[in-house]
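A.B. asks: This structure is in structure tokens; I'll ask about it shortly.
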């Protein structure tokens, strides 16, 4: 009994694209948008990593003993940010072939599920580094009175602008990740 | 032609559970694990929110003008944490009926996709608040020399232990969320 059920199911995966081209075209379109969104996410993730990694400001005055310098090295959160965003960008580049497979074979569930699972893991990674960096950027801008942490953005204006830009770029990548997962999940429907 | 293709597909969704009980049982098991993991995630999310919200320490000495007090109110990141984790806990409670639907109807794709989409959004929310709180907890423990932010955990030991516990609980919730999404995506396979 089970073989009778299985045979039309497996042949359906191949034939459906021919018998009902409209459904196949819809899923192909989702695959193409997926690919384009991935390119955007690569740009924002690597842009965020590069912007953060090049943030470095040395103040034009110094005392006898040391010079005032702010760089992303000073904060372990920002180091984490640079490493994580590079990882995410690298993953997204490696995921492009799988995205192409979903365009060529819009009815294959395997590549989509593979992408959903990895996208979820890297969404968590990207979100964590973006949010942690945001918390520090907020402190750098506003400080915290109760714990006596002073805002450093008054002194290091350019540094602060650069790390803020990196955080914004990383949140663009996070938003695109959420879109990618939602789109893949919807495309799995009616399979 | 398209109606000929559609009819066996829609009837398959209802009949498959009867004709191939093993496949239905497997998906039912995933639904049950999904429900149990959701209960665990509710406990850790609400536990994290409660632990953070009750963190409050007043030092036993004070000057003429003010008393030294640390509470989650002092840090906007921790306020965000409490609000977000309560939201996440509330969402998880509301998602339980949909999880029960996936147990009763293991072959229905709709509830699973609905859960994947909302889980992804709330995963991003939970991860962002957990990571932001972690960045501040790290600063409270270690401080940052370059920006002259001193570690406050030497003074506020109990406060620090409590916020660290809340962060750990929130990461348990994040981990369970990732598991939930991965499981739902795998259960959508072979649909």
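Placement of Cβ uses the backbone N, Cα and C atoms for every residue, glycine included.
Reproduced below are the annotations present in TrEMBL:
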DOMAIN    B:28-176  domain 'Casparian strip membrane protein'
TRANSMEM  B:35-55  transmembrane segment
TRANSMEM  B:75-101  transmembrane segment
TRANSMEM  B:113-140  transmembrane segment
TRANSMEM  B:166-188  transmembrane segment
A.B. asks: Apart from its near flanks, which chain residues at least 6 from the ends of the transmembrane segment (B:113-140) lie with a Cβ under 8 angstroms of it?
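C.D. replies: Sequence-remote neighbours of the transmembrane segment (B:113-140) are 34, 45, 48, 52, 75, 77-78, 80-81, 84-85, 87-88, 91-92, 95, 98-99, 102, 149, 151-153, 156, 160, 163-164, 166-167, 170-171, 173-174, 177-178, 180-181, 184-185, 188.
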A.B. asks: What does the DSSP secondary structure composition of the domain 'Casparian strip membrane protein' (B:28-176) look like, as residue counts for helix, strand and coil?
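C.D. replies: DSSP classes over the domain 'Casparian strip membrane protein' (B:28-176) add up to 112 helix, 14 strand, 23 coil.
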